[in-house]
Amino acid sequence: MLTLASKLKRDDGLKGSRTAATASDSTRRVSVRDKLLVKEVAELEANLPCTCKVHFPDPNKLHCFQLTVTPDEGYYQGGKFQFETEVPDAYNMVPPKVKCLTKIWHPNITETGEICLSLLREHSIDGTGWAPTRTLKDVVWGLNSLFTDLLNFDDPLNIEAAEHHLRDKEDFRNKVDDYIKRYAR
């Protein structure tokens, strides 16, 4: 699956040889991001939560992938939520960009797909934002946890959803179920 990994190995074997000098720029120049991603994707695939699946539309572009989260407990159980992740060139100094593609009624995800997850913030006052020591595995586990233990009604991005939960938990659950039936199957 990791065709980029085989390219990197091939390029490492060419270093120092005359062939490397004549190789095209595209085979000689591999970004720091891409080298990191080869290792991180392998680690991610080996440690993926059972409620998550990762899909790489183009195995040569590890910096663009889709994540499917299928919660097995809580309000969102039975739903199938799609996320799109793009890892910028400046990775790992900056976090990946993640968007929820599935319309959802959630206090930490807007209906347009914006996500409130501290580790996706480039700068954070409390120190819980992105750091170069974080990996894609942290991002995936964090997104997965937004449906369970990181579900946060006290610091919402979607204030309307949080207030709805505070006002009427049963009606909130009904709206979540309705969104799952309409958008998350």
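Each residue, glycine too, has its Cβ placed from N, Cα and C.
Copied from Swiss-Prot, the annotated features are:
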type	residues	note
REGION	1-29	region 'Interaction with UBA3'
MOD_RES	MET1	N-acetylmethionine
DOMAIN	32-185	domain 'UBC core'
ACT_SITE	CYS116	active site, glycyl thioester intermediate
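Counted within 10 Å of its Cβ, the other Cβ atoms near CYS116 (active site, glycyl thioester intermediate) come to 18, all protein chains included. In the three-state DSSP scheme, CYS116 (active site, glycyl thioester intermediate) is classed as coil.
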